[in-house]
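Read the structure below first, then the notes.
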Amino acid sequence: MEQGDMEKNDKAATTDEPQLNYRGIKAMPFVIGNETFEKLGTIGTSTNLLVYLTTVFNMSSITATLLINIFNGTTNFATLLGAFLCDTYFGRYNTLGFASVASFLGMLVLCLTAAIAKLHPPHCGTKEIGNCPGPTPWQMAFLLSSLGLLVVGAGGIRPCNLAFGADQFNPNTESGKRGTSSFFNWYYFTYTFAMMVSLTFIVYVQSNLSWAWGLAIPTFLMLLSCVLFFVGTRIYVILKPEGSPLASMVQVIVAAVKKRQLKLPEQPWLSLFNHISTSTINSKLPYTDQFRFLDKAAIITPDDQVKSDGSAANPWRLCSMQQVEQVKCLMRVIPIWVSASIYYVVIVQQQTYVVFQALQFDRRLGNTNFTIPAASYIIFTMLALTIWIPVYDRIIVPTLRRFTGKEGGITVLQKMGVGMVLAIITMLVSALIEERRRTLAITKPVGIDPRRGAISSLSGMWLLPQLSLVGLSEAFTLVGEVEFYYKQFPENMRSIGGSFLFVGIALSSYFSSFLVSVIHRTTSGAATGQWLPEDLNKGRLDYFYYLIAAIEVLNLGYFLICAKWYKYKGSDTSVQEVDMGKMQSEKEKPLV
């Protein structure tokens, strides 16, 4: 059987015989089921947490917002620590198991703060927040302990779940490669489905029926997530951690600096140190001519000694070419990551200012008196994404594959680029719609919001084009980025690669806040008036959208330069790249 033959050559499986049995399709329901229930349990709660803190814990809006910002920021950056511990010590299976239990305990403690009267302040009724009794120190400590457990859970789950799911497929077979690509698409499909359910049903129960029941439901779903994960244990391919990948990369930099005065040989792939450990899970990488200064870390000098097993006696002075190439992989990814982080600014705007826009649209549903909640319009982004991904995965990709011969139809970077173009179109459409909304709000209002001003006669359904476009943009760029990190990071750093996504989102949120703050200050005395006031009819939100579109155009140009310069990991299409493994077999001797 072809797959079995190729699996015998799988580097990841050489260290542990049971890992030869790849059962990606059988493992997918457990991995994706775990992820879906986890998101159903935590997303609805985290998005509605601001309301919970102000209504149940009687916090002021400023205090609650500050706490939520710290919580979200800490959660995103915790993925870096979680990824490091996963790749270095615990492995993805153990990290996911521990983190899933931590998330369940965090949800349970949060549920108790709503269900038990003594664990939250007394109900305030119709009084103003300033006159309501706030939480006692021990009530606050109980609340913070639940948030702390949720941070631990998210810090372990977010960077590991995708990599763990992809581990279930053999990367050396055609079916395994197709399965991995399909897994990434279906993963995001179920993620979006979970968000839609959480932001509608669970949020409705919490806000309109009972906080105790509204938190008990996601707690139960999180318990199901844990159970489903552990039930599939016998099926999983479980890769063992290889040690600290970051330490290995630091060693390459230190060794290169120590040997910076040495001259590189003309054919480095023939003379540089290239020991390959038999226990490594990393695939062999061909030599690349980018970042050549790092090659000096693999120059053998009279002072360097080699152990009997072929490894360097002092890894801080001598590193193998495989280690050097792994550092090059990381350094090549960083420019793409910067561009992706700037791209997320568009996503942030469609999740924040769209809500403010919706408040001044005519949100009545047809001729009925039912008014669509402003925050619910974001559902259309997820709906567009949910519909598009299966169509793309099952219809468009096979069609593109016949023309391009590529597994995913187009390359990962091409997929990301398409999403960035759609992001620019999204901001242009958003600006045009906002300009129309503002004009009709001034000339033909249908009502007055006492806090924000005139409500436009333009239907809120005009938000659908921009929200649908941003959903399609995410389907290309976000899904492509996830796949890009998994495939381009060394195998022992894939969890850290997964955390790059969340750190990028965190940075884009901070950048968006900085951008809003700067625009708010600089336009206060402008002739056009302040762009972002409380009443959007008195501002120029459309100008702000045009500005973001301009930033994204520059970012697209930067991305295209980076994409053209980028060399995919393991690529041997360039004449300047030589497969060091082949060179070694041809010479029939080690390259030392």
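Note that Cβ sites are derived from N, Cα and C of the backbone, with glycine treated the same way.
Database features (TrEMBL):
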- 49-72: transmembrane segment (TRANSMEM)
- 93-117: transmembrane segment (TRANSMEM)
- 137-157: transmembrane segment (TRANSMEM)
- 186-205: transmembrane segment (TRANSMEM)
- 211-231: transmembrane segment (TRANSMEM)
- 330-350: transmembrane segment (TRANSMEM)
- 370-391: transmembrane segment (TRANSMEM)
- 412-433: transmembrane segment (TRANSMEM)
- 453-479: transmembrane segment (TRANSMEM)
- 500-523: transmembrane segment (TRANSMEM)
- 543-561: transmembrane segment (TRANSMEM)
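Same-chain neighbours of the transmembrane segment (137-157): 38, 42, 46, 57, 71, 74-75, 78-79, 81-82, 85-86, 95-96, 98-107, 109-110, 112-113, 119-121, counting only residues six or more beyond its ends whose CB sits under 8 Å from a CB of the stretch. Remote same-chain residues near the transmembrane segment (412-433) are listed as 336, 339-340, 343, 346-347, 349-350, 354, 462-463, 465-466, 469-470, 472-481, 483-484, 487, 542-543, 545-546, 548-549, 552-553, 555-556, 559-560, 563, 566 (criterion: CB distance under 8 Å, separation of at least six residues from the stretch ends).
Below 8 angstroms of C-beta separation, residues 249, 290-291, 378, 381, 413, 416, 419-420, 423, 426-427, 430, 466-467, 470, 473-474, 477, 481, 484-485, 488-490, 493, 497, 500, 504-505, 507-509, 511-512, 515, 545, 548, 551-552, 555, 558-559, 562-563, 565-567 of the same chain, each at least six residues beyond the ends of the transmembrane segment (330-350), sit close to that stretch. Of the two recorded stretches, the transmembrane segment (211-231) does not lie close to the transmembrane segment (500-523), with fewer than three CB pairs under 8 Å once pairs fewer than 6 apart in sequence are set aside. Within its own chain, the transmembrane segment (500-523) is flanked in space by residues 72-73, 75-77, 79-80, 158-159, 333, 337, 340-345, 347-349, 352, 481-482, 485, 529-532, 540, 544, 547-548, which lie at least six positions past its ends and keep a Cβ under 8 Å from the stretch. Here the transmembrane segment (453-479) has long-range neighbours at 184-185, 188, 340, 343, 346-347, 350, 354, 357-358, 360-363, 372, 377-378, 380-385, 388-389, 392, 415-416, 418-420, 422-423, 425-426, 429-430, 433, 436-438, 440-442, 444-447, 535-538, meaning same-chain residues at least 6 beyond its ends whose C-beta is under 8 angstroms from one of its own.
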